[in-house]
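In what follows, a structure is listed as structure tokens, so that the remarks can point back to it.
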Amino acid sequence: MNKTTEYIDALLLSEREKAALPKTDIRAVHQALDAEHRTYSREDDSPQGSVKARLEHAWPDSLAKGQLIKDDEGRDQLQAMPKATRSSMFPDPWRTNPVGRFWDRLRGRDVTPRYVSRLTKEEQASEQKWRTVGTIRRYILLILTLAQTVVATWYMKTILPYQGWALINPMDMVGQDIWVSFMQLLPYMLQTGILILFAVLFCWVSAGFWTALMGFLQLLIGRDKYSISASTVGDEPLNPEHQTALIMPICNEDVSRVFAGLRATWESVKATGNAAHFDVYILSDSYNPDICVAEQKAWMELIAEVQGEGQIFYRRRRRRMKRKSGNIDDFCRRWGNQYSYMVVLDADSVMSGECLSGLVRLMEANPNAGIIQSSPKASGMDTLYARCQQFATRVYGPLFTAGLHFWQLGESHYWGHNAIIRVKPFIEHCALAPLPGEGSFAGSILSHDFVEAALMRRAGWGVWIAYDLPGSYEELPPNLLDELKRDRRWCHGNLMNFRLFLVKGMHPVHRAVFLTGVMSYLSAPLWFMFLALSTALQVVHALTEPQYFLQPRQLFPVWPQWRPELAIALFASTMVLLFLPKLLSIMLIWCKGTKEYGGFWRVTLSLLLEVLFSVLLAPVRMLFHTVFVVSAFLGWEVVWNSPQRDDDSTPWGEAFMRHGSQLLLGLVWAVGMAWLDLRFLFWLAPIVFSLILSPFVSVISSRSTVGLRTKRWKLFLIPEEYSPPQVLVDTDKYLEMNRRRILDDGFMHAVFNPSLNALATAMATARHRASKVLEIARDRHVEQALNETPEKLNRDRRLVLLSDPVTMARLHYRVWNAPERYSSWVNHYQSLVLNPQALQGRTSSAG
């Protein structure tokens, strides 16, 4: 069998069609497949003529509506995106310095901002009621939180051992040794630091407590006159004048999972009868060449299987500016003015058609709403860690989400996905300028969602949470270490966002959102400092010999004070603040029915196990978050890798590498406290033993075998597992199907496999007009690639080749036409295995 015969056998043709092809050489095969009989001056350009035929034989159902067009040079191109109609979207520079703004105002250089509210007086009056109610509620929250904090801090002050200055005689400190004076003052300095940290941390816990409490009352009553979901009946027909784009920005994700969830979502939309009102955009920032080819193949399969031609689009950016927010902005500039709304989906998002239609109805019923955020439910994972987190978010999450809505109303959060956005104001007001200056907190904004919500509200548009709208789902990281990788990115992003706290025009609620975003991570080093100071105070108390007689001829000693009854009361009240939200959550489930959670006893046991699990993990997260905060301030680089989204267990080696320092700290801490005062070790036990056990908990909780065992026992059961909605059932079904036909080593297959090469050539985006300089560059890229082994061809050079239709055609021709010359490539490809289910093509044979 010669090389031409081998090439013909690799084509997805019927036996009769293969027999009709010439066996003389590769070029003749491409000429025979070219229905237009084009001629090329270069022999290795001949594969460009057969692109259409190779595609039609491999994916006949994907090209039913004439997606193949001609580019400016007459080459076949697969039209994966509609024609762009550009809009202007540009950011205003940030003015983060209020002193500078005041100085400009004095000099008459104050510029009228673009974000001045566009609402009419009538529209402002219609919204004034809920805005007034929201303001009053937030003042009440502030008063409750501060009052609770003041009382608790006073209690804390009274139980500390060194009261007043009775143990120090200031006159004796004059002229005495500095070290002696320092040791006398040290307990008071430590106590002052402890009190300050306690006040900050207690205030943070108190705010969460009141949020959960109001959420509980809201859900228990079941009626919310200010819920945005109450503005529609739920069955109104969608306005045909408003189109909605479902956009999914992805970057090096699990291709099988992305397209499984997207297919399930689209089929659910079609089942509602509203598919004509939606289009889908897959916006890829992937830079792994193998994944890029797999995405192209998966897109072709998707549009064939759901008849999505002309409604499901795919684009891969060659210039990845500003990460996810830049990807969304790029969509808005090119195609945004064709749509009234867009729904942003994450790579693991799944949404039902009813939920998506409901979001559109809410937008149409509330013309002053700029963003409406759904409340996604976590599901779909099988590791013990993920199932425990799914249970926690499913049980506790509704309370906190409803509580957030109660306090914020239309000035709420946006979490970056599973939300609908009004496109026009987003284009006009939500472009993100880089933060000025230098260092780790300057440059492109990392956590864009909170900032975009703040900018939307600054322009007068409402930002709502539809907390009671069902049908929105997401997945959680499968293990602790993968969650912490995500937390590191979020930590850096939230610290950057705090630079916008004093930006002109921001609503006080969103200034508070920036503050709470920082406290989500800054509370960890504050808690660690609180524990460290408490330990230091205990060390001083244990090792320093107290002086009971400070005056000459003093008759009665001055004792350090200890108030155990107040200590117990403060400890009990703190535990109430921490754990009452969990109790309220389970009480709500008891009231409304426990069947979907495994029954009364199982859901109660699951809650107790989750509490134990959270106690074990809290100190571990504390230390990691402390490191994240410190590293952000020191300017250590943050790597933006996509999070792990499958059920992947943590190896023992990685666990001890990541948690080894925590284990050592826990051992030293425990031994030291046991030597000083065994009673104090009792209070520190939940902290130090959690650190000692951290590598073991991390590994065991990451295993899906343990998680599936709890699933069989109906522990950590959630309604989405008890009675899965159809959209999640379909996602699992399509995920299994996609994994059976997964394409690995996509770049090498795009070079050698005739069908995948035709796809890569047709979808290549670097379609420049012919020029001598360009030809020289193309020849250099191809020659350099083929003169090296494939293993030495780095990622960036592969992407350059993959982006150019001419280089892909020439690579394909040369490796097939001269296999002996490029033996390193041929041998490497022959060592790979093409999944037989990866390409189906035409199955009919000649009669």
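Glycine residues also receive a Cβ, built from the backbone N, Cα and C atoms like all the rest.
Pulled from Swiss-Prot, these are the features on record:
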type	residues	note
TOPO_DOM	1-138	topological domain 'Cytoplasmic'
TOPO_DOM	157-193	topological domain 'Periplasmic'
TOPO_DOM	217-511	topological domain 'Cytoplasmic'
TOPO_DOM	535-567	topological domain 'Periplasmic'
TOPO_DOM	591-602	topological domain 'Cytoplasmic'
TOPO_DOM	626-679	topological domain 'Periplasmic'
TOPO_DOM	703-847	topological domain 'Cytoplasmic'
TRANSMEM	139-156	transmembrane segment
TRANSMEM	194-216	transmembrane segment
TRANSMEM	512-534	transmembrane segment
TRANSMEM	568-590	transmembrane segment
TRANSMEM	603-625	transmembrane segment
TRANSMEM	680-702	transmembrane segment
Report, as numbers and ranges, which residues of the same chain sit near the transmembrane segment (603-625): CB under 8 Å and 6 or more residues beyond its ends.
388, 391-392, 395, 480, 484, 487, 491, 521, 523-525, 527-528, 579, 582, 585-586, 589, 594, 597, 659, 662, 665, 686-688, 690-691, 693-694, 697-698, 701, 715-717
Under a criterion of three or more Cβ pairs within a distance under 8 Å and sequence separation of at least 6, are the transmembrane segment (512-534) and the transmembrane segment (194-216) in contact?
yes
List, by number or range, the same-chain residues at least 6 past the transmembrane segment (680-702) whose CB is under 8 A from its CB atoms?
383-385, 388, 478-481, 531, 535, 538, 613, 615-620, 623, 648-652, 655-656, 658-660, 662-663, 665-667, 669-670, 673-674
Residues in the topological domain 'Cytoplasmic' (591-602) grouped by DSSP into helix, strand and remaining coil
8 helix, 0 strand, 4 coil
Counting only residues 6+ away from its ends, which parts of the chain sit with a Cβ under 8 Å from the topological domain 'Cytoplasmic' (591-602)?
220, 395, 713-715, 717-719, 722-723
Count up the helix, strand and coil residues in the topological domain 'Cytoplasmic' (703-847) according to DSSP, in that order.
93 helix, 0 strand, 52 coil
